[in-house]
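Peer 1: Below you will find the structure I want to go over with you.
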Amino acid sequence: MERTPAPERLTATMRRHPFGVDVALTVAFVLITVVLPGPAYRSPAEAVLFGLLISVPLAWRRKAPIPAAAAMVVVGLLQLVALPDLLLADVAVLPMIYSLAAYAPRWAAQTGLGLGLFGAVLAGLRYYSYGAGDALLATVTTGGIAVVAAWALGNLRRARVQRLAALEERARLLELERDQEMRLAAQTERARIARELHDVVAHSLSVVIAQADGGLYAGRTDPDKATGALEQIAATGRQALTDMRSLLGVLREDGRQEYAPQPDVAAIKELVEDVRTSGLDVDLIEEGLPQPMPAGPQLAAYRIVQESLTNVLKHAGPAGRAWVRLQWRDDALELSVLDDGRGAAAVLSDGQGQGLRGMVERAALHGGRLTAGPRHGGGFGVHAALPYRTAAR
Ligand SMILES: Nc1ncnc2c1ncn2[C@@H]1O[C@H](COP(=O)(O)OP(=O)(O)OP(=O)(O)O)[C@@H](O)[C@H]1O
Ligand SMILES: [Mg+2]
């Protein structure tokens, strides 16, 4: 693991302990402005005492700027009355005004500026009103400029802090949004996997079951037919394995080849053939000229027909016939899968169906729609329309 460079570690520590930093700065400030020059004053003991009193509030300049400033104001007023000298430590007023502007509410910052200017005038009158008026004016002007400069710097600091806070908030919101998007994407992806697995597995198993039933029946009378059924079972099983493998392959990819080796509308012909060999009497009717269509809706069309035929095998009853109709319209491919089985009796019988739900989702995903239900006069019908081009959403 790489070690963080020492200066960065120091900055991070300082950021985590602002009060500690302020205490350390105050101690340094006291050493330089109170302890060292202390003996030079006319009344050293009082100078040190007032110097300390006016400097120590600096330690709270960020933690509690308003009480710290108030304490400083009180000490400053007492000093004006009690001390014959202006102290070096009185410079502490400037960082205090800076801190008020940077860290305290607006009103406190304004009050700090006003009191600072007022203090400069008072100090000038108290300590420099002897001799010429020039000294007084110079002192008050210098003090005033220093006060305004400290206040302005504090304001800059406040703006920076606010900008940083806004940026942090934005980053937090962006992260939240990204998390949500990822969760949503994962959910969509899970639903997609569930649909694919369902359609591939349920279809192959239904075909295998139908063929096995037929083979079982034929076994007693017609061994050739039974062998044919077994061959069909083996072929269906192999196809299912291939489908599963390509599906799992897609899941392992980074998602770009989402529909890469998947079946398309043209493959519906073979699908219908396969189902016919498993014993269901099914016809394919195609109207219109095939149109170019993206891989996504093509796969959806294939899966919708596949699941509808699987449902016919499972639910329509033994004597059923079925029709698959593909109509290439102006802007959409319309699909119908109809049968004349027992349709109406069985609608949503177990309530566990994944198939219909998956079909509706598939159609919606590509900007189309799908309806399914018993037909007037018996049987079951699935109707879907898949636009050639998905409208931009
Ligand atoms: N061709 C059909 N004939 C009669 N009933 C049907 C036909 N297709 C669907 N149904 C009815 O609609 C219900 C829902 O179908 P769906 O495909 O969603 O579920 P399923 O086939 O029962 O189970 P799954 O597809 O999850 O394996 C079925 O349980 C069945 O009652
Ligand atoms: Mg089904």
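Note that the numbers count up from 1, one per residue, in the order the chain is shown.
Using the three backbone atoms N, Cα and C, a Cβ is placed for every residue, glycine included.
Reproduced below are the annotations present in TrEMBL:
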DOMAIN    296-390  domain 'Histidine kinase/HSP90-like ATPase'
TRANSMEM  19-37  transmembrane segment
TRANSMEM  43-60  transmembrane segment
TRANSMEM  72-101  transmembrane segment
TRANSMEM  107-128  transmembrane segment
TRANSMEM  135-154  transmembrane segment
Peer 1: What same-chain residues lie close to the transmembrane segment (107-128): Cβ under 8 Å, and 6 or more beyond its ends?
Peer 2: 65-66, 69, 73, 76, 80, 85-86, 90, 93, 96-97, 100-101, 135-136, 139-140, 143-144, 146-148, 150-151, 154-155, 158
Peer 1: Mind tallying the domain 'Histidine kinase/HSP90-like ATPase' (296-390) by DSSP state, helix then strand then coil?
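Peer 2: Counting residues per DSSP class in the domain 'Histidine kinase/HSP90-like ATPase' (296-390), I get 35 helix, 30 strand, 30 coil.
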